[in-house]
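Heads up: the structure comes next, in C-alpha cells.
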Amino acid sequence: MDAGLKKIAAGLNRFWTGLSAKVRVLLVIVVVGAIVGAVAANMLLTQTQYELIYSGLSDAESGQIVADLQTRGIKYKLDGNSIYVDKSVADQARMELAVDGYPQTTLNYSVYESGNNWAMTDKDKQQLALYQIQDRLQSTIQTIPGVKNAIVTITQGNDDTYVLESDKVSPTASVKLTLTPGTTLTQKQVTGIVNIVSHSVSGLSADNVTVADSDGNTLNNTGDDLSGATSDQLALRVQVESEIRQKVLSVLGPVYGAANVQVSPAAILDFTTTTTNTTTYSGPDNGQGFPSSVSSSITVSGGTGTASGGTVGVNGAQPAYPTSGSQTSSLSGTVTQQNTNTTYLYNQVQQQVQDKGGSIKNLTIGIMLNSANQAIAGLDPTQVQQFVAYAVGTAPQNVNVQLMRFASSSAVSSGGKGSASGTSGLGSPTTLLTIAGIGAAAVVLILLLLFFLLRGRKRKKALQEEAEAQAEQAQAAQPVKPGPPMSAELAQKLDEMPDNPVKKQIEDFTDSKPELVAQLLRNWLKDN
C-alpha cells in the first residue's frame, strides 16, 4: 500500500515538475477559481429566499402569526408589521394560516403591478390586480392535499362612496375545485379556503364565497348540518382505512417487498350517538348505611295499659320511640303483631357517559400478493391471514389473502427485499442544484487538467521530433567515406540474377526511399 502511494506521489511530482512555471500558475488559478465558484454556488443555492405574505398587521396579530409559524417550523422574517416566509412554502403557509383564521386585520397580501403603459387607466390596473389575485389564490388552494385544480372567480362590487345604500352591490367569489379520485375535504379545510378568499378581496364577506366541487356539490353550505356531518364521517372512514393499509404494508412490505403487496381495507364505522346514565350507591363499612328514621307499631289483644305519651305542646309530650333491639311498652296483654321500619341513607354517585360514535363496527381486509415473486410462490395464505389479523386486531375470517401474478412483474421477482419510498434530503431541488454546480466545476477542472497535460505532451513530442530532425540533418551534412570497391566476381553474380525477387525488392525500395537507403548505408559504413 505504501509503495503504491509513493509511486503515485512520484508520478504526480514528475508531472508537476515537468510543467512550466506559466502552466503551474495558470493551473493554481483554475483550481482556486473552481473552489471559490463551487462555494459561491453553494451559498447562492442554499440561501433562503423570502416572500411577503402579510403586511399592515396589528402588533398583536403579528405576534400570533409569528408564534404559529414557529410552531409549524416555517422560516420567517419580520419587517415592521410585514411578515415574510420562505418562498418555497409561501403558498402552503398562507393556506395553513387561513385555516387558523389569519389574517384578521388586513388582506393576506397585496397585489398591484404598475403598468409602464401610459394609456392604462385606473380601471385597467384594478382589473389587472384582480387577475393576479385570482391566479395567486388558485396556486395557493392547489397546495391542499387532494386538490388537483382550482378555478377562482371574483366579481367586484361597486364603490359605496358614491352609491346609495339601497343600490350597493357587494363583491362575491366562487371557487371550483377538482379533487383527486377518492379525496374528500374536511369542513376545516373548506373553511380555510373560504377564509383565504374572503381576506384577499376588500369588502368580501365569507357568506358571499361559494366553494363547489367538479360535480356541482356545494362544500361550504353551513346551513346543511347533515352534509357537513356526512363529509366528516367520510373523511374519518378514509383516514381509518388509510391507517390500516399503512399498518399492513409496514409488516408485509419488508418481507415480500412493497411492490409485491396490494392491500384494500373496507371499514364500516358506527356513528350512533349514545348516552348512558349510571347511579352508584355505597354505604359505610357495615354495608347497612346511615339510619335516617325508625318507626314501629305494636298490636296488643286483651289486657290494659297506657301507652307512652303526653299532652300535645307540653315538654315530654313526645313519646320515646323504641329502636330495633330495645323496645319497651307499658301495655299489658298479648302482643299479636310488632313491626319496625328503619330508613337508611347511602352514598349516591350519578355518572353520565356520552358516546359520539365513530367506532369500527366491521372491518374486512383484502390482500393480494404477487405470485411472480419467488418468496411468495410457495406461500401458505393462511399464515399471512393469521398474522395480519393479529396485527390489525380483527378476526382471521375478516382477512382474505390471494396469490396472483401482477401485470407488471419486472424488477419485483428478486426475492423479498422491499424498497422503502420516501423523500430524502438529497432529493430536494436546492441540494440537487448544489451537487450539480460542484460536479460541473469538477468536470471543468478535470478537462483543463487534461488539456494542459495533452498540450505538454504534444509540445514535448514536437521538441523531440525537431531534435531528431536536426540530428539527421547534421549526419547528412557529414561526407560519406567511400567503401571498399565491389569485386568483379560479386558484380558478375548480381548481373547474372535478373529475375531474383530479392534484388527487385531492393531496387524498388531504393527508388521509393532513397534518403532512407542512404542513411542505412551511412550507418553501415560508420559501424565498419
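Any Cβ shown, glycine's included, is placed from N, Cα and C.
Note that the structure is a prediction, hence the values are computed from the model and not measured.
For the ranges 309-334, 491-516, the feature annotated in TrEMBL as region 'Disordered' maps to 309-334. The feature region 'Disordered', as given by TrEMBL for the ranges 345-368, 393-416, 465-488, sits at 465-488.
Cβ atoms under 8 Å from those of the transmembrane segment (432-454) belong to residues 15, 19, 23, 26-27, 30-31, 34-35, 37-38, 41-42, 45-46, 426 of the same chain, restricted to positions at least 6 beyond its ends.
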